[in-house]
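Below is one structure; the comments refer to it alone.
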Amino acid sequence: MNPIGNLNKIFESRIRLGVMSVLMVNEEVNFNDLKQMLEVTDGNLASHLNTLEENGYLKVHKGFIGRKTNTTYAITAAGEKAFKGHIAALEHMIKFTK
Amino acid sequence: MTDQQHLEALTDIKRMMERSSRFISLSGLSGISAGICGLIGAFIANMWLNEYYFRWNTTGVHNHEDFIVLKYRLIVLGFSVLAAALIAGTFFTWRKARKNNLPIWDLTSRKVLINTAIPLAAGGAFIAGLLFNHLEGLIAPTCLVFYGLAIINASKYTLPDVRYLGICEVVLGILNLFYLNYGLYFWAIGFGLLHIIYGTLMWWKYERKGTV
């Protein structure tokens with residue numbers, strides 16, 4: 001099997017990789033916390049989150065705290081699988097080119 | 001992508017996972033300052049208790065009013081010690097976070113706070129119940145046990161070493177139950193001495209070199 005084929009194009013962006021890393025270890029994270037963790041702007045983060053959602057890697061939950069919207073994100077089973085595959089591919093490549 | 005980039009990606013992943021799951025800015029100095037507050041509090045309480053027993057011994061009769069006054073003074077003292085310990089503790093942790101360029105109020109610090117607050121609130125309500133039923137002797141062990149459980153609970157979201165402090169507090173609280181007359185001493189060891197020892201060890205382990 002070609003390990004490069006396992007590298008996921010979607011995770012080539014550092015921000016998307018960051019989002020997935022945070023969501024792997026946290027059940028549910030809201031937009032503002034993600035923004036603070038990753039140190040990105042609203043628009044930038046939103047577009048990356050969209051890509052991840054479109055690929056079925058994220059579950060989005062729109063809720064309210066009082067009158068303010070509170071959107072939270074969680075990883076899906078497909079997202080977890082894809083992310084683990086990506087990490088394995090990265091590790092594999094490092095091991096074999098050493 | 002080159003090899004270097006793969007390695008960077010893996011490092012990034014690891015860093016983000018750690019940074020988003022644990023609050024690492026908790027300073028050892030916070031523990032030490034909280035411990036000093038605890039010891040000062042215990043010292044004042046000891047003074048008041050001695051005064052109370054001295055008066056009881058010299059007059060030979062138990063004055064119920066004295067007891068009520070003592071009780072309220074001790075409750076106020078307890079809250080003051082808690083407030084002082086929190087303020088001092090927050091200050092040193094805020095300082096460490098700032099030096100390391102990390103936010104003090106984020107996902108992880110909130111988790112630490114919520115997970116400490118839940119068992120502590122239960123403990124607070126439990127102690128209110130003890131006071132209501134005039135079971136004052138049980139307050140010190142109850143404080144220790146609930147506080148210990150609270151920080152064991154929070155240890156999942158901060159420096160894992162906090163867990164051992166929590167276990168010591170719980171053990172001390174349970175021991176106290178078998179020596180109820182020494183409540184204040186157990187309290188002073190648990191909230192004073194243990195915090196100072198823990199804080200010193202943590203400072204030594206994580207902060208001695210360089211980063212505050």
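Don't overthink the numbers, they just go from 1 along the chain as shown.
Each residue, glycine too, has its Cβ placed from N, Cα and C.
Curation plays no part in TrEMBL annotations; they are all automatic predictions.
Taken straight from TrEMBL:
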{"type": "TRANSMEM", "residues": "B:23-49", "note": "transmembrane segment"}
{"type": "TRANSMEM", "residues": "B:69-92", "note": "transmembrane segment"}
{"type": "TRANSMEM", "residues": "B:112-132", "note": "transmembrane segment"}
{"type": "TRANSMEM", "residues": "B:138-155", "note": "transmembrane segment"}
{"type": "TRANSMEM", "residues": "B:162-179", "note": "transmembrane segment"}
{"type": "TRANSMEM", "residues": "B:185-204", "note": "transmembrane segment"}
Beyond the flanks of the transmembrane segment (B:185-204) by at least 6 residues, Cβ under 8 Å:
26-36, 38-39, 41-43, 81, 85, 140-141, 143-144, 147, 159, 161-162, 164-165, 168-169, 172-173, 175-176, 179
For the transmembrane segment (B:138-155), distant same-chain residues with Cβ under 8 A (at least six beyond the ends):
111-112, 115-120, 122-124, 126-127, 130-131, 161-163, 165-174, 176-177, 180, 183-184, 186-187, 190-191
